[in-house]
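*Asks:* The annotation disulfide bond is assigned in TrEMBL to Cys142-Cys183, Cys143-Cys162. TrEMBL lists 7-31, 51-75, 82-105, 197-220 with the feature transmembrane segment.
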Amino acid sequence: MGCMSGILNILLYIINIVFLVVGILLIVLGSIMLSNFSQLTDVEPLSNTNTIPICVTVLGALIFIISFFGCCGVWRQSSCLTATYASMMFILFVLQLVLTCWIAVNGQDFLNDMSNLVNTLWKENTAVNKYPMSALELTFNCCGNTSYNNYLYSNQPVPGSCCGYPNRQQSCSPSIYETRKGCNQKFTEFWSDNNDLVLWSGLGICIYELIVFILAGMLAKCMRNKNAVR
């Protein structure tokens, strides 16, 4: 029993250190995603697109806190702390599994919604609405809805935002905007790449959390048995 308890102690301590790093990485990932939308907060249709980055950041913070809690339980050899940690890890496992399944099931619908959102922004890209496409063009280095031709076909000059200039009235060189993809493609590609990253990372973390829950439960039982013998 003592050997088993020692092995579980070492395993959980190492796993929690890894989990601390994973939590930090998720916080960084969510922060990077949020920073990409810093220029979009003033655009009403895009104001809620930061939901997933916020969820990723909050999830990273929860993993970090729970892992720190687990390290304390192992370090102090407290069966109560370790059992509480196991329960928290199981709850986190269930929540993460639900989030991962939601992303897997609704991922394509979400991408379609993002594409339709850009279509809406293009239709509303007027001075009255403060040219919402400019925020997308500056953030994702894109031009127009599907390409720069959208401006030419609608008898509009290609704005400076297609060249990365904050001032729409600034002259934009064709050598720059002709090489840029449409914002619809760039915006959906961004979400597709990040959805895949969150999905596969989520699945891996779910499996990891389930293993940690089982090990923590076994260690808590060993600690209780050890205390009972004393």
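Every residue gets a Cβ built from N, Cα and C, even glycine.
Quick one: how deep are these features, and who are their neighbours?
*Replies:* Around Cys143 (disulfide bond), a 10 Å sphere centred on its CB holds 29 further CB atoms from the protein chains shown.
If you look at the transmembrane segment (197-220), the same-chain residues 6 or more away from its ends with a CB under 8 A from one of its CBs are 4-5, 8-9, 11-12, 15-16, 19, 22, 26, 29, 52, 56, 63, 70, 74, 79, 82-83, 85-86, 89-90, 92-93, 96-97, 99-100, 103-104, 107.
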*Asks:* By a simple count, how many Cβ atoms lie within 10 Å of the Cβ of Cys162 (disulfide bond), its own Cβ left out?
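*Replies:* If we count other Cβ atoms within 10 Å of Cys162 (disulfide bond), we arrive at 27.
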*Asks:* Express the distance between the Cα positions of Cys143 (disulfide bond) and Cys183 (disulfide bond) as a whole number of Å.
*Replies:* 6
*Asks:* Any idea what the Cα distance is from Cys162 (disulfide bond) over to Cys142 (disulfide bond), rounded to a whole Å?
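*Replies:* The Cα atom of Cys162 (disulfide bond) is 6 Å away from the Cα atom of Cys142 (disulfide bond).
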